[in-house]
Structure formats: C-alpha cells, structure tokens
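Visitor: Just passing along the structure, written as structure tokens.
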Amino acid sequence: RRRLAPLNEDNGRFLLLAALIAAYLSAGATVFSALESPSEAAAQLRWNRTLHNFSRIFNISLPELRAFLRSYEAAMAAGIRVDALRPRWDFPGAFYFVGTVVSTIGFGMTTPATVAGKVFLIVYGLFGCAGTILFFNLFLERIISLLAFIMKACHERQLRRSGLLPPNFRRGPAVSGVGSLVGWKPSVYHVMLILGIFAITLSCCASAMYTAVEGWNYIDSLYYCFVTFSTIGFGDLVSSQNAAYQNQGLYRLGNFIFILMGVCCIYSLFNVISIVIKQVLNWVLKKFECRCCPKCHKSSARLGRRNAITPGARLRRHNISVDADGQYDSDTEGRRLSGEMISMRELTASNKVSLAILQKQLSETANGYPRNVCINTRQNGFSAGVGALAIMNNRLAETSDSR
C-alpha cells in the first residue's frame, strides 16, 4: 500500500499563506482599533452632550427626541446610532472591518474617520486584497483537485460496472494502459453543478441562522448572503451589529465561518461560470465563422492543410495518427492519403514522446500525480496562463482549445 506524503509543497504553501493572512488580519485589527477607537468614543461623548442640551433647552423629552432621530437615521443613514450598538472600533469590530476590506466586500457601515486611519487603509488594503485574491485562487485549486479525485473514483466505478475496467484495477502507472482513462479530466459542467449545489446549501443554512438571530425575514437573509458572499457588500443589511446576542461568541464564530466559506465557494463558482460563458462565446464565434463566409473558410482550410498542423490537431487526431502509422507502407502513400506535405509516419515518430507527456499531463489532476511535468514548448511560468482562468483551463475538460 502506497504511503501518502504528510505535506507537499503546494499544501505547505497554502497553509503558510492561511497563517500569514490570519496574522495580517490580527495586526490590521489591532492598528485600526488603536487609531479609530478613541475618535469613536470622543464622538459618542459629544453626541450625548448635544442630545441632553437640546432636550433641556427646547423642553422635549428624551424618548420623543430619540424616536424622531430613529426615523431620521433610517431615512438618511447618517451613521449616528441612537440605540446602543456594538462599538465599531474595538478589536472584534476592527477585525470585522479588515475582513470586509481584504475580501473586497466593503459594507460601508464602518469607515476610518482619522487621517492616519485613511492613509493606513490605502497601504493595508493594497497588500491585503492581493494576498486574499491569491488565497481564493489556491482555494479554487484545492477544491478542483478534491472534486477531480472524487469524480475520478466515480468514473472508475462506472467503468468497472460496465466491464471496461478490470475488477482488480488500482491507481498507479497502470492507468496509462487503460484506454478509457487516458487523458480523462473532470467535466466543467459537473464541477459547476456541484459548486452550485454547495453554494445554495450554504446560503440556505446561513439564511436560517440570520433569520433566527438577526430577526430578518428569510428572503432578506438570502439577499444578504448573496450580496456578502459575492463581495458586492451594499451595506443595507449587515450582520452581527447589535450590542448583544444570545450565545454571542458562538454566533460570531458561525458568522465568520459562513462568510469565509461562502466567499470562497462563490468565487470558485464565478470562475467556473466564467469558463462556461467563455465556451459559449467560442461556440457562437465558430457558428458565425461557419455561416458568414463559407468560401473564405474553405479557402483558409485548404491553405491551412499545407505544411502546417493546426493547434490541437495532434491532440484530436493522435489516435488516428497511430493507426495510420500501422497502415501506411511508405511515406508517399501516407502523404497521398492524408493530403499533407509531410507523412503521418514522420509526424507520429517525431512526436511520440510529446504525446505521451501531454497525455500524462491531462490526467495528472484526476490521478493525483505531482505536477512537475515540463513540456519543451513551455519557456516560462506564464505561458500556460496566470490566475483562476489558468487553473480552470489546466484542470477541466471543456476548456481545452481542441473542443
């Protein structure tokens, strides 16, 4: 039985980044709490003094005055809270603020009032947002790898039931010998469906918690979940803002976990949906290309068959090339039947190693192989793309250029 490595380079980098982000959030919350808390306390004292003086001078009772100010607060969203709410710039409040900053949610219910706080926010948000986007991309990579592993196991089980896979088949080098598993990659549509179900389930559970604790109706809770998880962050509804809750510590922990998991899941779902949109656009462009100018298309196709192999042709026709190599007895016959200026025998022989490496790279995610295969066409780390779209293109089936 093969023993798994306790921690590889990718997982170590992921865990280290998570620890650094946690320390970064704690440090930012400490700085913002120290900068903004005194200003908030002084403003609250000035407001209480003004309120009592106004009530005494104009002979208006404080309850009536507070009721009027509540209506004004709801209408104008002035930011002056009449009822007792949680402090904005204590450590929990500041931590909540920096979390909304680096995740780009930006509710807007708390903003720096001092010049020092605004300057620090510019520098803090620059590195914090960049690090959090990197964390989201690594989370996307981890969740795609997990889904690929699960879907690979289901695919193998289905092949066993249909009799296309030996019953004693196990993961390992034997995968390359099974034609049904060579180059297998998870479907982007299946991944989108799984992520969509998980996002809906997570939003429903979080909405039930907000309805019970915050007193919102269920539709408002669902609306808040989408606005927050998608990092839109209007700020018209903000959770965990009352002065006290029942089981307050447990609720704050649940709120943090729901927001973190929701943002990561919706980010991954958005990237998968963007890939599907890209595929739809490619399909539409191909349809327009076929219908708008058929004569030009035929002429370009005729010219393209001379001395050139179109991108992706080797991947689409590598099985045909191997068969043709066994059928043709001479290079002249191969050229005559294929219509190419070079023989299929020469093409297959010269690219045998490249095809094997490409096939191995196609299945490395689903099989759990280390991603250290290098192809001669890769000159640097940016040739395969950068960011979430590159992750999806490398790991999902419907994103290849040949489809």
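Glycine is no exception: its Cβ is also placed from the backbone N, Cα and C atoms.
What TrEMBL lists as domain 'Potassium channel' is 86-143, 199-278. As annotated by TrEMBL, transmembrane segment applies to 94-112, 119-140, 188-210, 222-244, 256-277.
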Visitor: Does the transmembrane segment (119-140) reach the transmembrane segment (94-112) with at least 3 CB pairs under 8 A, where each pair is 6 or more residues apart?
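Guide: Answer yes: the transmembrane segment (119-140) meets the transmembrane segment (94-112) with 3 or more Cβ pairs below 8 Å.
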Visitor: When you scan the chain for residues with a C-beta under 8 Å from the transmembrane segment (94-112), skipping those not six or more beyond its ends, what do you find?
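Guide: Distant Cβ neighbours of the transmembrane segment (94-112) are 21, 24-26, 28-30, 32-33, 35-37, 79, 88, 118, 120-121, 124-125, 128-129, 131-132, 228, 231-235, 238, 240-241, 256, 259, 263.
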Visitor: Quick one: DSSP breakdown of the domain 'Potassium channel' (199-278) into helix, strand and coil?
Guide: 59 helix, 1 strand, 20 coil
